[in-house]
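The block underneath contains the structure these notes are about, expressed in structure tokens.
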């Protein structure tokens, strides 16, 4: 286990290092001078030279990369010349909004999907099971931004039940502002998780210790909740780690649709303004988040299922 | 990220019984019908439109749906129905070109990783895992920021991000086949690597790969529409579903039908391709996704 842990961590660090280098080279490989783009067409050569110096563009590429890695280790993501602020400050100001949205979405999805999946497994091929199956595939297929726009149109514009934009102030207001965005992100996950729980529950229900419990005359609901659930829920736990990339991608659209602050909205705005340092910093932080989450889910997996340890 | 290697020597897909099974799959048939409809619309689009889809002020701005403008007009007085019809071409084109090139590159790299020397395999897998660790849409946005918003950027980004999954599937299957007995037998009879790859590995790999690709089509349609929705995809005035949805979104309180009309084709297209892909997977290769 310890060897696996070390190997897996080394792989994660290698992936992050390569990802950073790739991103860095991509930004440098762009045709055109970033400083010239930032300053616009009327910039004088002196202004460009000064900005070059400020951004460190006048140094050799190797020095630039080493400086960037060095900064990264200290939590320094560079400096936003537009906003006159460190990029890290900007990114970490926005990050909590996105995390709050993602956690809320996944929380309600799990709360709804797990009982639904259990029920589908217990009443296999019943009407409910079949309907849930079709709806699950459908909600998974529909892009979250279409879902978000329709939810906004129906509940905020037409019915005026819920606020359309922003993140709200304070706990309750914030919670109310989370409902529609959370719905748009979570609905696909309800389908996905309920199918996952159903499949693993069916597998677990066929095992010997469950048949034993049944032979003792324990009620079906108690068997599911007490003996089968802890086993059947494992695939869901591990899939959430991998799913964070998907969640963050949906968050980009949802934040734009609902005009919420967050890392997605930050990236879209930075891309529109061609503010490369901010784009780079925000993409980096999300990449690190994703690598950390997948590594963690692999480790949990390896802890629970020793067979996966040999596969690295 | 650690892959679960399963030994699956042969998946000789029988087409005949598969088709019969497919006919019984109601969702699959619905998906096939939707896909056929959308493809037909994309092909015959110029014959179906009622107005020039890019001409400004063919009618009043934000007009209600009427017999003359079936789905009303947008903020520039363009006919929404004609724009929706013509807009069917972009997503299909993007899916075809991006997934096609991704498939080709993934196939070659996967074969190299699966059949080549160990160090090259490790290197390639690390490369695949790195690309997979980039957050999909966010990586796409970064690329668009660098390359500038255009159809070509969208195609390139999708091709790059979907390639690692295909390559990994090919690699896993190639590795399983490489150590199989009949390949060893073939080799002992003096067959070269090229012959083994072309005659024995490729036919076994291509089927599952095509099913995987078909399952990725809805995701590609969603990404393309999403980028256009954010204004990072096709350039105006080219008609595109995501762009129409975005136009409608800006006038959501004044002209809700624009948003409704822009979203429905995206929903139908993603649903159609998903149902079709799921049905194909269920019939031909039920445990495909577990190989990833």
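Here, residue 1 is simply the first one shown, and the rest follow in order.
For all residues, glycine too, the Cβ spot is worked out from N, Cα and C.
Per TrEMBL, these features apply:
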type	residues	note
DOMAIN	B:88-277	domain 'ABC transmembrane type-1'
TRANSMEM	B:27-49	transmembrane segment
TRANSMEM	B:92-116	transmembrane segment
TRANSMEM	B:136-161	transmembrane segment
TRANSMEM	B:197-223	transmembrane segment
TRANSMEM	B:257-280	transmembrane segment
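Segment contact is absent for the transmembrane segment (B:92-116) and the transmembrane segment (B:257-280), given fewer than three CB pairs below 8 angstroms at sequence separation of 6 or more. Tertiary proximity for the transmembrane segment (B:197-223) is limited to same-chain residues at least six positions away from its ends with a CB under 8 Å from its CB atoms, namely 9-11, 13, 91, 94-95, 98-99, 103, 106-107, 110-111, 114-115, 136-137, 140, 154, 158, 162, 165-166, 169-170, 173-174, 177-178, 182-183, 186, 191, 266, 269-271, 273-274, 276-278, 280-281, 284-285, 288, 291. Same-chain residues lying 6 or more positions outside the transmembrane segment (B:27-49) and placing a CB less than 8 Å from one of its CB atoms are 79, 81-82, 85-86, 88-89, 92, 265, 268-269, 271-280, 282-283. Sequence-remote contacts of a segment are chain residues at least 6 beyond its ends whose Cβ falls under 8 Å from one of its Cβ atoms, and for the transmembrane segment (B:257-280) they are 22, 25, 27-35, 37-38, 62, 64-65, 71-72, 74, 80-81, 84, 87-88, 91, 211, 214-215, 217-218, 221-222, 225, 241-242, 244-249, 251.
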